[in-house]
Amino acid sequence: MSDVELVKKMLRAVLQSSKHGVAMARLQGDYRALTGEVIPHRQFGHASLESFLRSIPSVVRLERSSAGEVMCFAGVCEETAHIAQLVARQKTVKKSGCSKLLNFQMRAKSSSLFSHNGSTRTDKRKAQVKGILFNRCNVIFMLTKWDLRVVRSSQQKPVNRADVEVVQGRIKQLLQKYCSGVWLSKIPQLYRNMFQEELHMHKEVETWTHICTVEKPGSNNIKSQTPLSPTSPNSTKLDFTLPETPKAHPPLLITPPSTPPSHQPLTPEIKQKLRQLLNKYSHGLWAHALPQLFQEAFGCVFPQYVLEDLSLLADTCMVEYPMPDNRKRAILYALPCQVQAQPRPRPPPLVMPCTGNHVPPLIIPTTEFLSVLVMEASSTNNIILRFVGEVYSKALEVLEEAMLQFYSTVGAGLCLLSQKIGQLVAVAIEEDAVLRAQVHQVTEENVKVYCVDHGFFEMVSRKKILQLRDQFLTLPFQATTFQLAGLEPFSTDAVVLKTLDSLAVGRTLLAEIVEREDTPLIVLYDTSQNEDLNVNAVCLKALQDKSMENPLQENSVYTNVCVTNVCSDGSIYCQLPSRGQAKLKDIMDKIEAHFISQLTWELLVSKPFCGKVCLAKHKGKWARAEIINLHGSQVLDILFLDLGLPASLEVSELREIPPIYLKELITIPPQAVKCYLEELNADGSVWPPEAVLWLRETVLNKIVKLDETRTVHVYLFSGNGAQDLQSSVNRQLASCPFWKRDVYFSKIARVSEPILPEAGDSSYTSPAQSNALTLPPPLDLPLVGQNMDVFVSVACHPGHFVLQPWQDLYKLVVLMGEMILFYNKQEVTQINIRKNNIYAAKIDNNWHRVLVKGILTNDLVSVYELDYGKYELINYSQLQPLIDEFRQLPFQGISAQLAGVKQGVWGEEASMVFRNHVEKKPLVAQIESVEEGEWPWERKISVYLVDTTQEDNDIWIHNIMVEFLDEINRAD
């Protein structure tokens with residue numbers, strides 16, 4: 001299915017759910033709430049959303065309301081006419097508004113939450129989610145090969161607390177407009193007129209005494225539990241004067257309660273500043289970060305009472321509670337109508353406007369990681385790329401082969417005797433190549449052309465210029481312009497361009513899209529080696545002045561050395577006195593003064609990416625930091641470059657380096673040198689926690705003497721006395737009782753024995769016995785016969801695979817981000833590890849919720865990832881207690897088997913066919929049966945799997961497996 005067709009289907013789903021239409025100002029928000037993305041109208045060649053909508057009248061019908069607002073209705077075509085009739089007959093349409101905003105605009109590198117454990121280059125390819133099946137407004141919309149069907153949901157889901165708070169905030173806004181009071185019976189109609197949504201909680205409104213008071217006209221008695229029927233005589237007439245009160249059924253009057261002085265509505269200035277912040281942080285912002293950001297960016301105080309009642313922000317932003325049981329953790333998003341694009345200077349286009357020919361625009365793939373061929377790099381702001389893939393490079397090969405065959409046959413009769421600047425032509429570059437080009441310069445004998453698919457200029461004879469026939473204009477021009485993120489201030493630096501040329505030009509690389517607006521901003525990776533190479537970061541490091549590196553030499557002694565970090569493998573980071581260290585201190589002192597004296601609105605980091613060098617606070621002072629990993633859109637890992645210290649932070653805690661100090665600061669190499677202690681184990685394995693803690697207490701942040709015997713292998717001395725090796729930190733540590741590593745690890749193993757206990761064994765503990773903390777609630781599943789959107793995280797064979805419910809995956813991303821922030825700040829502690837207990841485990845730079853399956857004697861532990869269904873072997877030191885806060889979200893991994901096939905022993909070939917069709921893919925699952933277990937991870941379901949990504953055909957996976965098995969049996 002093409003991107004534009006997918007967008008059309010999603011738009012139909014949004015619009016057909018509301019018979020009253022959707023305001024254009026709110027359409028982006030509803031679309032994003034459904035799909036996790038905004039409508040990409042610019043990708044389809046339209047400058048505005050309205051222009052795109054008017055180009056698809058069969059999908060969207062635009063009308064102007066009596067209030068002058070543009071409303072969007074579902075266009076009617078033959079295949080969806082019956083849906084429009086069905087929706088029109090609905091009495092009400094339950095709609096949750098914009099509070100349930102899915103946020104899937106995330107970048108992730110090798111630790112991607114949706115990547116499998118394969119080669120690094122495939123880890124970066126994120127599964128593209130099409131939003132095939134979704135539950136919305138109490139109606140399930142299902143895309144099938146026949147039509148877009150509407151099926152009533154048989155289950156009434158409980159009202160989301162976040163939705164209630166949004167409605168309450170809107171009621172406040174409505175009552176502030178009608179300050180003299182509003183008839184209760186008029187509330188649904190006024191709500192619909194103001195917010196273009198039905199109010200389904202009108203009977204509950206009068207019970208919200210913290211929002212309003214309910215009075216009986218002519219009486220001082222307050223009514224808080226007296227509902228009035230919507231069919232009251234006064235419910236059909238919109239009249240804001242006080243009518244004569246009927247005697248039989250007196251209507252009720254709602255008036256806004258008096259607002260305490262400390263809880264006055266936000267001023268327009270505060271609201272505007274909040275909108276500015278949310279526009280900058282387009283992927284959302286944690287609410288608790290607002291006070292600090294307001295103080296630093298605007299020099300004013302954000303009202304604390306607002307954080308206690310976020311419904312006050314209903315007219316300013318959207319509020320999302322990704323962890324429903326933790327109401328103190330909320331993410332704020334800008335309202336769609338308030339999102340403003342941040343324009344970026346675009347280099348002059350190489351393809352000039354041309355008349356008479358129409359070529360479709362090149363659409364950038366929606367995936368975040370793309371295979372590209374780098375063709376030219378005159379500047380880091382003007383990188384000429386070509387996409388590699390089926391509809392790009394392969395389509396170009398087919399086109400150019402057809403051009404060569406065509407012009408080889410009739411080329412002589414299609415020569416252009418006169419050429420015009422801007423004219424599209426075919427150029428016979430060589431005997432075996434005819435390319436599409438545009439005329440840029442004409443001389444007496446030659447013509448300078450720009451090859452629009454390959455990104456280079458060529459001077460050719462006028463005899464080689466041919467007419468470009470219309471059949472060769474159906475494919476978009478393939479050469480396109482990008483910018484390298486983080487290198488904008490150094491776009492024409494000779495050192496940077498030389499490095500870029502050697503690493504990228506003429507090579508196929510992986511591109512990560514950081515920003516799509518205007519000229520896209522990207523990060524390039526070379527994935528051809530064992531470890532990925534960040535090309536942007538290497539180009540930036542090429543600017544470093546080598547003379548300012550730490551002057552380490554073998555067999556030398558250094559004094560006044562500061563140990564800045566002690567790692568879990570016993571390696572240490574040291575700062576030595578040097579010219580670079582002195583210059584760094586001088587610049588950082590100036591930066592501290594800059595942040596104190598200046599507002600830093602323009603220095604907020606809103607678009608992080610791996611390899612970016614910025615600032616973060618360490619012990620209350622700003623320090624240089626490099627982003628080394630991204631966990632969703634809110635949490636990231638950094639490395640303090642001059643301390644050798646890793647940390648996990650929220651995006652809002654980062655700042656850009658002030659431009660006046662940027663170039664000078666970038667030239668200073670990192671001032672932390674990694675060293676290993678001589679005579680001690682330096683094989684990279686994890687040290688006993690007691691040894692790490694002893695070393696940190698002895699040398700961390702203290703001035704020591706360093707004796708380097710060989711490259712980065714050193715002796716440390718804590719005093720300034722003579723260099724007696726027996727008094728070195730190395731020998732002191734080696735003599736400690738806990739350094740006897742074999743004894744220590746055998747002790748750990750004995751604590752956890754037996755490795756494979758039987759149920760009757762006295763040392764066996766069940767999860768209920770051993771886990772004092774509660775288990776999460778079981779995951780809610782649809783009824784048998786119903787459908788759900790799923791993501792297949794693991795697929796072994798049709799008899800065993802693991803599903804994740806797609807609708808709540810964003811909550812898992814947020815949860816894991818919270819776990820990273822919590823556990824990465826904790827000291828390593830020794831815990832008694834027992835089989836069948838639940839822990840937090842650090843795996844590939846992420847923290848997972850795991851079940852311990854077995855304990856080995858070589859300090860390794862076998863664990864099962866409860867949210868992803870994977871088995872891993874990790875070091876025992878990577879386990880920590882799973883605190884209660886991270887036990888609220890149900891475990892997201894669901895064990896499953898494929899329905900519709902005979903279960904048995906699956907061969908490797910059949911398993912591979914199955915994996916290729918389902919693993920790491922979003923699918924639709926239809927529940928066939930549910931087999932409950934004693935524990936949540938023992939539950940197993942049988943499902944039919946359907947791939948609905950094809951435009952005209954649904955693929956039922958069990959049919960593929962049945963056909964495959966039949967072919968195997970026939971072959972036998």
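Quick reminder: no glycine exception, Cβ is built from N, Cα and C everywhere.
Whatever TrEMBL says is automated annotation, not expert-curated.
TrEMBL has this to say about the protein:
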- 3-76: domain 'HTH OST-type' (DOMAIN)
- 163-229: domain 'HTH OST-type' (DOMAIN)
- 219-242: region 'Disordered' (REGION)
- 219-238: compositional bias 'Polar residues' (COMPBIAS)
- 266-334: domain 'HTH OST-type' (DOMAIN)
- 418-475: domain 'Tudor' (DOMAIN)
- 607-664: domain 'Tudor' (DOMAIN)
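At the 8 Å Cβ cutoff, the domain 'Tudor' (607-664) and the domain 'HTH OST-type' (266-334) share at least 3 close pairs (sequence separation 6 or more) and count as touching.
Here the domain 'Tudor' (418-475) has a mean pLDDT of 90 out of 100.
Using DSSP to sort the residues of the domain 'HTH OST-type' (266-334) gives these counts of helix, strand and coil: 34 helix, 10 strand, 25 coil. Across the domain 'HTH OST-type' (3-76), DSSP assigns 36 helix, 12 strand, 26 coil. Residues of the domain 'Tudor' (607-664) grouped by DSSP class, helix first, strand second and coil last, total 9 helix, 30 strand, 19 coil.
Helix, strand and coil residue tallies for the domain 'Tudor' (418-475), in that order: 6 helix, 32 strand, 20 coil [DSSP].
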